[in-house]
Amino acid sequence: MTLPGHPHLARDAQGELRLEGHSLADLARRHGTPLYVYSRAAMLDALAGYQRALEGLPHLICYAMKANSNLAVLQTFARAGCGFDIVSGGELERVLAAGAEPSKIVFSGVGKTAAEMRRALEVGVHCFNVESLGELERLAEVAAAMGRRAPVSLRVNPDVDAGTHPYISTGLKDNKFGIPHDEALAAYRRAAALPSLQVIGIDCHIGSQITQLEPYLDALGRLLDLVEAVEAEGIALAHVDVGGGLGITYTDEAPPAPETLVRALAELMRARGHGHRELIVEPGRSLVGNAGVLLAEVQYLKPGETKNFCIVDAAMNDLVRPAMYEAWMAIEPCRPSAGTAAATWDVVGPVCESGDWLGRDRRLAVAPGDIVAVLSAGAYGMAMAGNYNSRPRAAEIMLDGDAVHVVREREDARALFALERLLD
Ligand SMILES: *Cc1c(COP(=O)(O)O)cnc(C)c1O
């Protein structure tokens with residue numbers, strides 16, 4: 001029986017949890033915990049939803065690699081023809097190392113340094129998604145000094161409410177992102193006047209874990225208003241980039257399928273006479289979120305007067321979403337625990353912070369030594385992992401049919417302080 005929202009994750013007749021047919025408990029035994037496990041098929045299926053809906057239209061799918069930037073994940077998408085949305089020079093080097101075509105990379109982010117701009121111009125990225133007038137001027141200077149023209153899109157803040165968590169909403173007036181809608185026309189005039197810039201598009205990104213179509217259609221409508229105003233002044237815009245942000249099912253959310261979203265966007269473009277324009281999308285979470293799980297071993301059960309704690313060997317440094325966004329992520333035992341009664345547990349890690357929790361008030365039948373899986377951990381999981389409490393980062397596995405690839409080895413504790421020096 002497959003789990004809702006997780007087409008490649010299933011419980012077999014014995015109650016064993018399997019991803020692409022592989023027993024997760026066995027993988028944990030063989031490779032240790034905490035362990036990230038990804039399904040390549042699940043990633044490619046998610047991508048195929050976008051690809052199907054965009055077929056026959058001028059388009060570019062740019063995977064927002066900050067969601068999961070493991071080289072094998074990037075390689076999987078690059079081979080499938082994907083472009084990438086990057087937000088730093090580090091991401092640029094990483095994605096080039098994974099085989100990305102520079103001409104399919106868009107460079108987002110509010111704080112691009114001159115060095116990052118130079119490198120991106122050198123390799124020839126498709127576009128800089130510029131977020132402020134200051135950045136526009138700096139990019140023009142950097143490009144001029146190199147004798148280049150930098151391709152630019154302006155990230156416009158459409159001031160729509162994506163109806164999502166305040167920390168992951170980015171399209172409202174009081175966010176740090178983008179150029180305010182009513183200042184965008186003037187910014188386009190300025191960009192068009194700078195000879196070392198070539199204006200090629202417009203973009204927005206209104207937030208993350210969005211579960212409704214309306215905010216997207218509102219934002220696209222606002223962008224198209226601007227496109228018309230900009231083109232009326234003789235500044236041509238080849239593409240419209242609507243960003244990423246489509247949500248996934250963590251519990252009972254029912255976000256539109258990628259196909260539904262893209263068809264609705266394309267329809268609005270057509271209806272308003274913009275069907276010829278290239279449509280760029282920048283999905284992150286919706287391509288990888290439900291393709292991955294985080295496995296942890298139960299260490300101790302600590303029943304208490306008001307709370308019961310189930311202490312596992314994965315922590316906030318491995319998966320920060322619950323601690324940072326109060327995100328709810330499903331936690332499932334990987335196989336039935338014989339003779340164990342269910343109880344209500346707060347599933348917590350060993351880090352010395354009360355905020356170090358993975359799930360609260362979860363009904364689970366577990367015993368020490370059992371393996372549990374945190375679901376929907378393929379996005380913003382390992383990518384946000386750190387080393388707090390000198391905890392080496394988890395290993396990562398990519399399943400591909402029968403094959404099991406270790407795509408990142410478990411970090412060694414000595415590597416954590418290898419760059420540090422004792423005093424003489
Ligand atoms: C994070 C981000 C995305 C992807 O967001 P998801 O919610 O993971 O789809 C796309 N574009 C930009 C500019 C981003 O910052």
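Any Cβ shown, glycine's included, is placed from N, Cα and C.
Per TrEMBL, the candidate among GLY221, GLY234, GLY245, GLY339 that belongs to the pyridoxal 5'-phosphate site alongside GLU282, PRO283, GLY284, ARG285, TYR380 is GLY245.
Each of the binding-site residues GLU282, GLU353 was scored by the number of other CB atoms within 10 Å of its CB, and the largest score is that of GLU282. A Cα-Cα distance of 7 Å separates ARG321 (substrate binding site) from TYR380 (pyridoxal 5'-phosphate binding site).
In sequence order, TYR50, ILE61, TYR63, ALA64, GLY244, GLY245, LEU246, PRO258 are the residues of the chain that are 6 or more apart from PRO283 (pyridoxal 5'-phosphate binding site) and have a CB within less than 8 Å of its CB. Listed in chain order, the extra residues whose Cβ falls within 8 Å of the Cβ center of the pyridoxal 5'-phosphate site residues GLY245, GLU282, PRO283, GLY284, ARG285, TYR380 are ALA64, ALA67, SER208, GLY244, LEU246, SER286, LEU287, ALA379. The record assigns GLY245, GLU282, PRO283, GLY284, ARG285, TYR380 to the pyridoxal 5'-phosphate binding site, and the maximum Cα to Cα distance across that set is 15 Å.
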